[in-house]
Amino acid sequence: MKIAVFAGDGIGAEVVAEAVRVLEVLDLPGMELIEGDVGGAAWRKHGHPLPQQTIDIAHAADAILFGSVGDFDCDHLERALRPEQAILGLRKELTLFANLRPATVFKGLEDLTSLRPEVAREIDLLIVRELNGDVYFGEKGTRTLEDGRRQGWDMMSYAEDEVRRIAHVAFRAAQGRSGKLCSVDKANVLETSQLWRDVVIEVAAEYPDVELSHMYVDNAAMQLVKNPGQFDVVVTGNLFGDILSDQASMCVGSIGLLASASLGETQTQYGTKGLYEPIHGSAPDIAGQGKANPMAQILSAAMMLRHSFGLEDQAVRIEAAVASALADGIKGGDLGGSAGTRAIGDAVVSRL
Ligand SMILES: NC(=O)c1ccc[n+]([C@@H]2O[C@H](COP(=O)([O-])OP(=O)(O)OC[C@H]3O[C@@H](n4cnc5c(N)ncnc54)[C@H](O)[C@@H]3O)[C@@H](O)[C@H]2O)c1
Ligand SMILES: CC(C)[C@H](C(=O)O)[C@@H](O)C(=O)O
Ligand SMILES: [Mg+2]
């Protein structure tokens, strides 16, 4: 069980330390942790946010536990050298095209979300975000027009096979949940989205047991706060999924709670190879202060045990410990409490 641990920048190291502590307490036989440098930290040390030795560690590992990357001091660098290229590069290099971002309201937090409790209480959804395509990975650039104005441009596209493979992941996820799938796009304006919708409908023929609906992304953003309980599995493209998942995090209380799994088709002897990270970033505004909520990172480790190592019982054990800590009122500043990163980690560890 080789686990690559890439802590990255800002609060990354702080929250990863707590997730690693949880894994170590579980005392899993044969677990080996291999650290690697990513992001601004890697750029400072090796001159690149995703050095070759880190890529080699990622290839050799069965799963990757990823913290976060991002450092405002690096924002002047050419794009290829910016910290974010580490996570984008790993997703592409390992063909991790399916990003699962679950959002559920924990017991005791119903009054602490950005929604009314009776609205928030109903949330139990899974965003299936495509992770290898869209405007993220199209050609891009800046140019000067004939009249001298500067123009920035980014090419948005999806090929049908890219849509088909994420659609299959989403339909299968819906089969394992309530059998409802909502595909979110902007087909009223974008050709990319029209193809997305057409292909999702084609794939639906193979899943007659799943009830498929479609929604435009602007409406979806509105419905997510109006009546989030209507959603079960949501499948969407890279950019829309990025935005909707941050929004979903506040519907359940905090961005410090949302975990994610990024999966492809590679199978190891234990399960599906994947990368596991919180949906939040390096939070430079609170980095180094011991204030970050490590729960999203700890829950990402739980997802890793489930998807990459087939250890469902251990995953549930971690999730139950997090839920119990929250139910007992252990909350970080993100939830209006005063518990620090280490104290939250202690609370989870003591409930395992
Ligand atoms: N996957 C990733 O590594 C990833 C994801 C998102 C953003 N980023 C990068 O992170 C940097 C900061 O981006 P941003 O500020 O837009 O987003 P962010 O998610 O880092 O922070 C947004 C806000 O949420 C708070 N927050 C985030 N995680 C928290 C936690 N665990 N506990 C408590 N509060 C938390 C922050 O303090 C901040 O106020 C940027 O460089 C960005 O590119 C990286
Ligand atoms: C850091 C950035 C490249 C990343 C993304 O946009 O995918 C982040 O926002 C995320 O949600 O994982
Ligand atoms: Mg994001």
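Placement of Cβ uses the backbone N, Cα and C atoms for every residue, glycine included.
As the structure is a computational prediction, the values presented were derived from the model and not from experiment.
Here TrEMBL flags ARG91, ARG101, ARG129, ASP218 as substrate binding site. Non-local contacts of ARG129 (substrate binding site) by the CB criterion (under 8 A, 6+ apart in sequence, same chain) comprise ALA98, ASN99, LEU100, ARG101, THR236, GLY237, ASN238, PHE240, GLY241, ASP242, SER245.
Of all Cβ atoms in the shown protein chains, 18 besides its own fall within 10 Å of the Cβ of ASP242 (Mg(2+) binding site). The Mg(2+) binding site annotation in TrEMBL covers ASP218, ASP242, ASP246.
LYS291 (NAD(+) binding site) carries neither a helix nor a strand DSSP state and counts as coil. Residues or ranges marked as NAD(+) binding site in TrEMBL: GLY281, SER282, ALA283, PRO284, ASP285, ILE286, ALA287, GLY288, GLN289, GLY290, LYS291, ALA292, ASN293.
Look at TrEMBL and you will find 2-348 tagged as domain 'Isopropylmalate dehydrogenase-like'.
According to TrEMBL, the feature site 'Important for catalysis' maps to TYR136 (among others). Neighbour list (TYR136 (site 'Important for catalysis'), Cβ cut-off 8 Å, at least 6 residues apart, same chain): LEU88, ASN238, LEU239. The DSSP secondary structure for TYR136 (site 'Important for catalysis') is helix.
Under DSSP, LYS186 (site 'Important for catalysis') is assigned to coil, being neither helix nor strand in the three-state scheme. LYS186 (site 'Important for catalysis') counts 20 other C-beta atoms within 10 Å of its own C-beta, drawing on all protein chains shown. The site 'Important for catalysis' annotation in TrEMBL covers LYS186 (among others).
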Near ligand 3, meaning Cβ under 6 Å from any of its atoms: which of the recorded positions ARG101, TYR136, ASP218, ASP242, ALA283, LYS291 fit that description?
ASP242
In the structure shown, which of the binding-site residues ASP218, ASP246, ASP285 has the fewest other Cβ atoms within 10 Å?
ASP285
Should ARG91 (substrate binding site) be counted as helix, strand, or coil on the basis of DSSP?
helix
Using DSSP reduced to three states, classify ASP285 (NAD(+) binding site) as helix, strand or coil.
coil
Output: those recorded positions from ARG91, TYR136, ASP246 whose CB lies less than 6 Å from an atom of ligand 2, in sequence order; none if no residue fits.
none
